[in-house]
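Taken verbatim from Swiss-Prot:
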BINDING   G877, P878, N879, M880, G881, G882, K883, S884  ATP binding site
COMPBIAS  1-14  compositional bias 'Low complexity'
COMPBIAS  74-84  compositional bias 'Polar residues'
COMPBIAS  92-104  compositional bias 'Basic and acidic residues'
COMPBIAS  167-177  compositional bias 'Acidic residues'
REGION    1-132  region 'Disordered'
REGION    166-195  region 'Disordered'
REGION    189-316  region 'Mispair-binding domain'
Amino acid sequence: MPLPSSQPSASSSPNLKRKQPTISSFFTKKPQAPKQSTSNEGPAPIDNDSEITDKLAEDDEEDIVAPVPKRTKSNGSLTVNRPQSPKAKSVSRVEQESSQRTELSKFASSPAIETEGNEATELDGSAKVRQQEREKLHQRFVRKLGGPDCLVGIGRNCVGETTSIEEAAEGDEDDETPQPVQPKGKAGKKGGGKLTPMEKQVIEIKKKHMDTILLIEVGYKFRFFGEDARIAAKELSIVCIPGKFRYDEHPSEAHLDRFASASIPVQRLHVHVKRLVAAGHKVGVVRQLETAALKAAGDNRNAPFVRKLTNVYTKSTYIDDIESLEGSTAGASGASATGYILCITETNARGWGNDEKVHVGIVAVQPTTGDIVYDEFDDGFMRSEIETRLLHIAPCEMLIVGELSKATEKLVQHLSGSKMNVFGDKVRVERAPKAKTAAAESHSHVSSFYAEKMKSADAADDEVASNLLQKVLGLPDQVTICLSAMIKHMTEYGLEHVLQLTKYFQHFSSRSHMLLNGNTLTSLEIYQNQTDYSSKGSLFWTLDRTQTRFGQRMLRKWVGRPLLDRRQLEDRVNAVEELKDFRNVVMVERIKGLLGKIKHDLEKGLIRIYYGKCSRPELLTILQTMQMIAQEFADIESPADTGFSSPAISQAIMSLPTILKDVVFFLNKINMHAARNDDKYEFFREEEETEEISEHKLGIGAVEHELEEHRPVAGEALGKKMVTYVSVAGIDYLVEVENNSPAIKRVPASWMKISGTKKVSRFHTPEVVKMIRQRDQHREALAAACDKAFLALQAEIATNYQALRDCVQSLATLDCLVSLATLASQPGYVKPEYTEETCIHVEQGRHPMVEQLLLDSYVPNDINLDSSKTRALLVTGPNMGGKSSYVRQVALIAIMGQIGSYVPAQAAKLGMLDAVFTRMGAFDNMLAGESTFMVELSETADILKQATPRSLVILDELGRGTSTHDGVAIAQAVLDYMVRSIRSLTLFITHYQHLSAMVHSFPDGELRNVHMRFSESGTGADEDITFLYEIGEGVAHRSYGLNVARLANLPAPLLEMAKQKSAELEEKIRRRRLAGFVAAVGAVVQSNQADESVIERLVSSMEEL
């Protein structure tokens, strides 16, 4: 098939044949091959190449990147060969591969090899045309698939150099060493190829971090290799290219020659890191520490890029989440963990069984805020103390130092092992060894760590630093062991500096707060409901009206640690009252307006600045927000100017303007527009730039000036006065020449063709190439200098961290007080009255959470408990009558009062309770091999050990896990002990009517019987019960369990049988009691002198009837 007339035939174009030799042509003898001309014929031959290229192109206007001219020696003379166009080169490559395949398929003894080679060189014109057409179609197919020779790939690689150093290095790292052609008749060895230089780097880094998923930066992507690729593909739903998954030379993978791999774009790094971290993985980021321009100027230009593990992330240490810094509140659907990482260690257990004791130390760190909590304590065989601290702190990660006892290990597994646990998500657990001399080694390690801090402290801070150091060195041994392990652990993530913030060390067991143990947090639903473990329906959800994230975190601490100091409580509740009543309307609106303007988590932002991990736009936003906060109340000079009488409000407002001077000082160094656009080169104002930055900027300016001066020189070569530079596809300083102009014939051979279209060609002169390389080197050095100066600025701001953090804490206090004031302004809430007496007197109290979730109105009830009067209530009533809701309501009102909140009631007088204990619900503990009844009694035993006369104790149906006689006996003994010995305020729920007789044992009314009221209608099968949900005096002698069975839709025949059996049992018991009464009367009649025991028996029999 002949070519169209517009194209010369292949056979009639010796120029084409001469300019497009294939690689195989150098190894195949060709008869009468014309000698290659050594003369420089200018760009004329290229025109023919361009015509062929244009013919093969799908789009005539598409940019084509030209290869670089190559120099070869022929017969001792240097020859400059004009390179082929990319498409022609691809055609020749196809010919080469075809030739190689043909050579491999021939027999060595075949006499026709030479003949066939000669015949191939003497193809007629039509055969060559057909071959070219096939190659043209194949080339289009390759282009559609984006092969290695496609125009897009070549265009990206040719940026001012013969080949992009970065991409060339990637190719060198990925490609294995070419294997020599196997001798004929021998099979090639499968797999087991040499590792590429980059794969050797990966293995070297991976061997040091086998527990970490590594993301390796390779050019424009981050790649996973081996087993990491399989995990990433599963978690991120990305493609995994098959290959070796193991990092050792295992025989099972001997047939594979490449690692399995997966990749993500550079700009999506933190999106995917966040997903991997949330799934519980430890993730490491390995970055290239060299850039293409600097590598080109260095001595190791042919070596692979230097790579290093720069960042390691886990759930608690992932502080680079920019999204979490934005938004006013953490409106998560579930009740997630608090971001703490908790380190725990314990000594060997002492004792056995129920007498087992362990000595435990903990240190919990919140890297995102800088808070640190520590404690040392003894715990019993139920591990209730450990459970309490775990539920309060709610860590998302745990570090276990040494071996734990069996009971502790089971508790940790139970609380952290499931995604639907009380922490809201699965907890990541790591382990660290513990030496026999751990205490001494830890003291030495901690001392050296804080001694270095003291060396760097200013002279003015020496005394403060010394006091803080003494405080740290005075920590108990178990806490010091945990602190040492935490320092080592946080150093791995580059966050060890957070442990230098000793001002924020807090002791967990401080007696300035009410104790809420693990059972209480769960039973009263303080942080989470017991249905789906979300925050909705919890006490925290009810109180939370905060507008900032740092305010929300502070309120969470307030809820979990109610105050014991009456004066502090009154200050807080008076502040809430002032904000609620709008006594100073203008100032209240200013506070609310200021809180509403804050859209970033300043507490997390400040700690990121402290770590040196803050971005430029984020730094600008934080400083501008802090400036706005400080300026809002800059006119306040004294507490009287605030207009508030409450010290809590006035002190918080007074502390806000103190940071204004420092914040303005830092902002004056920053170019606002550049910082907002994340422009590192112009981030600093000109007068604030470092000498290094200025030097490299001048260097870039000098190079750009030389490039401008080169324009006339380049124009002279083309016969013009001056050329105009153009920029195309990110490539600058291109000299553009029209293909149909006379200038195209004047282009020197030394000029490098970078790209072109049908109408124009674009070139770089050798001088431009050299100057662009110099400019790029200056740019890379400038970028490093800008990063260095930015880190120095963050370090300078970090010296004022505590002052800035105190300002944020003051703002958080105002946010919490405004939140409580918003709640207090709702109808039916009252300010509680506080007293030093141990009492709870509430009129028309309501359940704070249930009334918000119910569509109907909640039925209020009174409660009167006093240590000097009635201090215990025995609560009875029908099933589903509201007993548990009533006792929970009492406990929640007491806790709300000591938080400093208004309470849902008409009136409330509250004493200072030191703890609230609950024993509610029935469940077993299969992990510990304990039955339901064993769990009940163990928890009750813990309460009896810890309760004091100032505690509130709630016991719900104690003794139901065993037989009636044993259950009644245990319940009666526990209740008697609580009222007589411990003298706590007690609410005791039971269905044992026999216990109601205990009130006669307390003639002064320390124990009273109350019941949940109800009304009956109908008789027999038509009996109907209406729950009134009101508390009344006396005892409910029936539980009406059959009514609940009917509501549960049990089968009708079953209900009838149950009614019949219930009636028979009641009649039997009634006859027995009647017989007992008759016997008691007979005993009185027969005895001449009725002693007290006989009289008591008679009275008891009458009450039973």
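All residue numbers here begin at 1 and follow the chain in the order shown.
Cβ atoms here come from the backbone N, Cα and C positions, even for glycine.
Swiss-Prot feature annotations superimposed on the structure.
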| residue | record | Cβ contacts under 8 Å, 6 or more apart |
| --- | --- | --- |
| G881 | ATP binding site | M1012, F1014, F1027, Y1029, A1036 |
| G882 | ATP binding site | V859, M1012, F1027, Y1029 |
| K883 | ATP binding site | V875, T876, G877, D956, I989, M1012 |
| S884 | ATP binding site | M920, D956, I989 |
Quiz item: Taking every protein chain shown into account, which of the binding-site residues G877, P878 has the largest tally of Cβ atoms within 10 Å of its Cβ?
Solution: G877
Self-check item: Helix, strand and coil residues within the region 'Mispair-binding domain' (189-316) as assigned by DSSP
Solution: 44 helix, 32 strand, 52 coil
Quiz item: Taking the region 'Mispair-binding domain' (189-316) alone, what is its mean pLDDT?
Solution: 85
Exercise. Compute the centroid of the Cβ atoms of G877, P878, N879, M880, G881, G882, K883, S884, then list the same-chain residues not in that set whose Cβ lies within 8 Å of it, in sequence order, for the ATP site.
Key: M1012, F1027
Exercise. Look up K883 (ATP binding site) in the DSSP assignment and reduce it to helix, strand or coil.
Key: helix
Quiz prompt | Three-class DSSP secondary structure - P878 (ATP binding site) | solution = coil
Quiz prompt | Neighbour tally for N879 (ATP binding site), based on other Cβ positions within 10 Å of its Cβ | solution = 17
Practice problem: Please report the number of other Cβ atoms within 10 Å of the Cβ of M880 (ATP binding site). | Solution: 18
